[in-house]
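Enquirer: Would you mind keeping the following structure in view while I ask a few things?
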């Protein structure tokens, strides 16, 4: 049995060919054997196939004697939070996040919301399912419904001093995913006026797949910000583990610049803490962390690596330019809700707009944003780039792909973990012309 839905960090595949209820039940049985004793938290996103997949997964777990705590329709971070908060043995979120319509998937964690990825149990689960030893009888253990979100909401609100918040006008675009439900529950506790875009959860995704990185999806948020004169805008993906920001002019803010901003917000509350960041773009983050009295810690990108490094370093915050933001008190997990609350607090307390907060940073360290290249021979393409710049003796780092520092500019080039792509990021020290030149130069070399 080939199981293409099992990836390095999660399970993702087409329904029903690569992921279906029979497979979900078998995954439940195999997962039960991987976890310590205790209940398992299950939740699902708005996709039409998700409730049935969760029910099948639950049946497999309960047939193996596992009590299941069903938290229902939710975001991925709610499964992480409840797994830790309820001291469960593990948790599974049934979601395909921003993947195409016909996809679904699962994100799995063990106790304390620790990720289950390829080398920490996911491939062992795959092998058990593939060996066809994961058949199960009738469910014997109980399933309990727990849809009370009070503890989660209180935790989110604990990150900000509500007495300092101003009556901001915020555009919120849930993309017909699950984020709108949480915004509505938070709204009575906050002084903000919300302009709701694509707000209702709808697994048919009438306004397109909730992926704010797609230009057509950005346009709706940007347009609403400008039309309503909002202070800033926020858009989420389907399971709202990532959030994206737009300033009051409707301009999309590159995720890189949010990492330094959020680091400073957290360090103001927890002085001297460590901040974990990825190697793709670094100069702005390092400077902002150090200016705030924190200690920057470099780590390979990817949630499993960031969370592990944060735990070993006792870091207060971790940020990736891909809009994943991790918080120590949130079980070291990523949240798409905590960041916008912190940014709203920062805007309120500083009296400055989001545009103003990031503009100087964007001028000081302009970046290319991540550019993807489909290449037939990745090694040969990278070799061309390194041969071209080798005589300039850059400072090299191999934490994640290749990072090359030339003093006034740097680049990171890495292979995608999930697709046949090379990903390029370039930044300079305040030189937009140099950025354009070097980005074009490397792009030409990669294309051969």
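Cβ coordinates come from backbone N, Cα and C, glycine included.
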Enquirer: In Swiss-Prot, the Mg(2+) site includes 237, 239, 241. Which of 97, 393, 403 does it also list there?
Expert: 97
Enquirer: I'd like the number of other C-beta atoms within 10 A of the C-beta of residue 239 (Mg(2+) binding site), please.
Expert: 31
Enquirer: For residue 237 (Mg(2+) binding site), write down the residues of its own chain that are at least 6 apart in sequence and whose Cβ falls under 8 Å from its Cβ; none is a fine answer.
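Expert: Residue 237 (Mg(2+) binding site) has long-range Cβ partners 97, 98, 175, 177, 210, 211, 212, 336.
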Enquirer: Residues near the Mg(2+) site, 97, 237, 239, 241 excluded, by Cβ within 8 Å of the Cβ center?
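Expert: The surrounding set, listed in chain order, is 45, 75, 76, 95, 98, 177, 210, 236, 238, 240, 242, 336.
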Enquirer: Neighbour count first, Cβ atoms within 10 Å, every protein chain included; then name which of 97, 241 tops the list of binding-site residues.
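Expert: Result of the Cβ crowding comparison: 241.
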Enquirer: Using DSSP and three states only, what is residue 239 (Mg(2+) binding site)?
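Expert: Residue 239 (Mg(2+) binding site) sits in coil per DSSP, no helix or strand.
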